[in-house]
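> Submitted below is the structure of interest, expressed as structure tokens.
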Amino acid sequence: MNKEKDIKELENVNTENQEVEESTDEVKNQESSQNSEKIADTADQEMENISEGDQELVDKKEETVENSSEHTNVEEEHDDDEHDDDEDEHIDYSEYSKEELVELIKALAKDDNVQKADRVLREIKPLFDEIRETERKEALDKFVADGGEEVDFEFKYDELTNRFDANYKLIKDRKSTYVKEKEHQKEANLKKKQEILEKLREFVDSEETNISFNAFKDLQNEWKNIGPIPGAHAKTLWANYNALVDRFYDNRSIYFELKELDRKKNLESKLELCDRAEKLASHENLKEAIKELNELHNEFKHIGPVPQEEQEALWQRFKTASDEIYARRKEFVEQLKSELEDNLKVKEQLAEEVQPFTEFDSDRIKEWNHKTKEILEIQKKWEAVGGLPRAKAKAVNKKFWGTFKTFFNNKSAFFKKLDAQREGNLDKKKELVQRALEIKDSTDWQKTAEEFKKLQRQWKEIGPVPEKHRESVYKEFKEAADYFFNNKRSKNSEVEKEFEENLKKKEEVCDKIEQLAKDNPEDIEQLRDLQDEYLDIGFVPRNSISKIKSRYSEVVDKFINNIEGISNEDRQAIRIENQVNKILSGPNADQKIYRKEQAIKKQISKVEHDISLWKNNLEFFADSKTADKLKDEFSQKIKAATNELKNLKQQLRIIRTAS
């Protein structure tokens, strides 16, 4: 972006310099007696606009008329020079979002620089209209897709759009006011200059010399400091002004002495400008050098004529110094343009790389997240490339960001579908909750207990629900189940006997698992059957809960440790799966699973950060024995952390699958 801005600035400076060079050539021609006939012709063309009393003097004073022509051009071009510096600073707004464009126009509406605000507004208005039309079309397509008729479609713009339009009108109203005020100021300036002309006529007709001369110079300075006037009056006003100035000097005996003195002073001033221009050649900041050179040209242009014998050499010296800086500017601009073209090739390639993402589709969250990571990596490369040629930037930006938007729209649609499935699961679990509430007061203990167990199995089979409802719906279901089983414990004298039987059954299952660990530790399917049998048995006496749980964990671990021919990762996976099943069979299962999942995520993030940090550190070690030793240490750390990361991700995958 900075390089694009530099090119724009230098191109603008180039245009200004061409104007300065043309104006400076006028100054040079002003001092050349060879152009006298051409100047006289110019004066004749202006006669209609010059008062009758001044016409004779214009014919006699060719140099003054030439100055008049020069100053007329300056007056006409004055408005064109009133540009804000910010005009050279260009920002590519095509990548701005709707919200960013609204914030931008709000800031512009508060900006005192009306010209800058209007310029930026002309750039962002088409971009915002394009967004507006896209939203309207999408709404129309959805309306038609939902069964509506296009003729019945009515689109209401959102608050952001209304805010944009309100600020747009505010800026336009301020611009209109600004233009009117500027025209009023020009008329006021015209009146002031006309008043000065009347005073000059009084000086011309006066017989005073020394006394009136200082006042005359003051009027000239006052004239110079007055701002622009309406263009229709510029030539006439300048012609009259210069004719009166010419008459003033012509009526005084010291005219030629003053003229010669002024030319000598002008020579000194222009020699100083030459020195300053030559020093600019070694200025490190090219932008500042060109800006200062423009100012020097403007000063050179307005200083006035020098002795004729010095004209050519002086001009050539000043021009040579200027040409050296212009050559640097040209070389720099060409180099920047070349870099922007290289950037264009890179971004065109990246735009092609993201095209396949528009066709990506999957029903797995993991794959969507993986693809998201890939496209975001491409985005980082895109943002690191830099600016583009302005003429080609819009097309390649539109291609890249259009693909980007399509991918994330597709991803959003997938997750909306996933959310819909979870909403369906929520409805199913609410049905189970309703059934649990209906039977919780039943005293048919055996039948109702079996139905509650059936409801619990169905609950686990349904699948996840929206995160915000997970705890509340489970709490409601569990409270109904707990209510029933608490009543069952307190009111049924046979309950304790049943619990003792359950304890005995669980001990028998533990014995079977322990025996299986000795006889056939590879039969994982039988282990899982025994685990299911254990979990389906039911409650045991309170004072035996801890003991039987401990026994169960010991025999399962013993079985897992005795398995031969599997990796440690597989052993760990079996352990995690066993832990998850235990959690799911107990109270507050969803809450416990969620906490365990979050803890593993946090640990994964920490390990990934450590690996990234260690890998980065490896790049800074130089080749030496000490560095090699440190490299080995870091490599071992990275290897161990990578294995740990793999194990943690496996645990997370098991937990998500189970829940």
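A Cβ is built for glycine as well, from the same backbone N, Cα and C atoms used for every other residue.
Keep in mind it's a predicted model, so treat the numbers as computed, not measured.
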> Identify the coiled coil range according to TrEMBL, selecting from 108-135, 276-303, 332-359.
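Of the candidate stretches, TrEMBL labels 276-303 as coiled coil.
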> Just to be sure I understand, if DSSP states are collapsed into helix, strand and coil, how many residues of the domain 'FF' (422-480) fall in each?
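Going by DSSP assignments, the domain 'FF' (422-480) contains 50 helix, 0 strand, 9 coil.
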> Are there residues at least six beyond either end of the coiled coil (496-533) with Cβ under 8 Å to its Cβ atoms? List them, or say none.
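Same-chain residues near the coiled coil (496-533) but 6 or more away: 539-541, 544, 548, 551-552, 555-556, 558-559, 562-565, 574, 578, 581.
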